[in-house]
Amino acid sequence: MSQKRIAIFGSTGSIGTQALDVIAANPDLFSAEILTAQTNADLLIKQALQFNPNAVVIGDEKKYEAVKEALAATDVKVFAGEGSLEEVAALDCYDMMLAGIVGYAGLRPTLKAISIGKPIALANKETLVVAGDIVMRKATEQRVAVIPVDSEHSAIFQCLVGEGRNKIERIVLTASGGPFLGKKPNYLVNVKRDHALQHPNWSMGAKITIDSATLMNKGLEMIEAKWLFNLQPDQIQVLVHPQSIVHSLVQFEDGSIKAQMGLPDMKLPIQYALAFPQRIPNQFPRYDFRKPNTLTFEEPDIKTFRNLTLATEALKKGGNMPCILNAANEIAVYAFLRNRIGFLDMTELVERTMQKIAFIEKPTLEEYFESDGEARNFAASLIHM
Ligand code: NAD
Ligand code: MG
């Protein structure tokens, strides 16, 4: 394998920093050519000095001078501001984009990379939730691979290698259940941000950690799976598996089931996506079947965790509904993180926004952008009341 040049969008996040660990451990195989951060200029500078990329982007324009100055002795190009993410994604200095930005902000740079024929290692699930039809269609047109990094989707992708055109009967997305597994609304109503940020199995960014606690994450992942694997809504099932060892399952037409398993560690799906189709050795801890460990599976409690019901509704309805769900959810999660609304209010906000914003069956990209904006404005207006 010749050295692959990676563009890491969101390099200062949980996915981004772990991707850089994988790159640092395999310098013959990978280099980091683009690094981007929204606000954490100090870490971006540190990463740039270590990896000597072609270009960096700092989203917060106020920090441009500081980054520029710190990298003055290098030949790293420094960009600032939201628009420069697309500009940098259009550079021809990399072979693969790791889409590790969180939320809707990841959509445009990823579309830009696809439009110039760059394969995508996709962590940013919101990209497919918002505009999955357009993203996957453009990827097919450009003949670029979209390789999932999300652990469940990486698991399914790995199960499908070698299966050619064999039909999927259904997939099972496993969910840890998050920190509030087994809890009821009378408990959840009082949950505060610091508690919700304690995930039992995974250490992740704040937004996805809250999404995991509300089960919205699994709802977003159902929509993500629909687009990645071309599935109908009724082919996608969710099961709670608190040990997070079975990362997901695929059942084929003959009833045979394949699973991908391992300890919960995002470096593995990140490494898999970067090195695909090769598997490369590593020193990550191994799961040991000899140690006493029970693997359990149960139906999710969709009465309590209503986000899963809302996401299933959006999945079935299609059109701009997943985009509306996502936008309202982003507003809700950040409001919860700022202690502006309660844990259960997040679901309420998403539900009311889904009822309010006009449905469009086959949106254009512009219409997705508009729906996103309208949904955000409406959801935000509910908070200020
Ligand atoms: P994070 O919050 O730790 O990091 C987000 C990164 O995106 C940071 O580098 C930040 O600077 C950048 N960013 C944030 N807002 C931005 C904006 N408006 N414009 C440009 N850049 C911005 O998030 P994370 O946990 O690394 O998650 C990243 C993505 O990967 C999310 O879509 C998440 O759902 C997905 N994902 C994460 C994990 C995980 O274990 N962390 C697992 C599966 C999927
Ligand atoms: Mg996941």
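From the backbone N, Cα and C atoms, a Cβ is placed for every residue, glycine too.
These figures come from a predicted structure and were not determined experimentally.
GLU221 is the residue from GLU65, GLU69, GLU221 that TrEMBL records in the Mn(2+) site together with ASP150, GLU152. Among ASN40, ASN52, ASN54, ASN230, the residue that TrEMBL places alongside THR12, GLY13, SER14, ILE15, ASN124, GLU126, GLY205 at the NADPH binding site is ASN40.
Checking the binding-site residues ASN124, ASP150, GLU152 against ligand 2, the ones whose Cβ sits under 6 Å from it are ASP150, GLU152. A sphere of 10 angstroms centred on the C-beta of GLY13 (NADPH binding site) encloses 25 other C-beta atoms. Taking a Cβ distance under 6 Å to any atom of ligand 1 as the criterion, the binding-site residues THR12, ILE15, GLY205, GLU221 reduce to THR12, ILE15, GLY205. GLU221 (1-deoxy-D-xylulose 5-phosphate binding site) and THR12 (NADPH binding site) are 23 Å apart (CA-CA, integer value). For the binding-site residues THR12, SER14, ASN40, ASN124, the ranking by surrounding Cβ atoms (within 10 Å, all protein chains) places ASN124 first.
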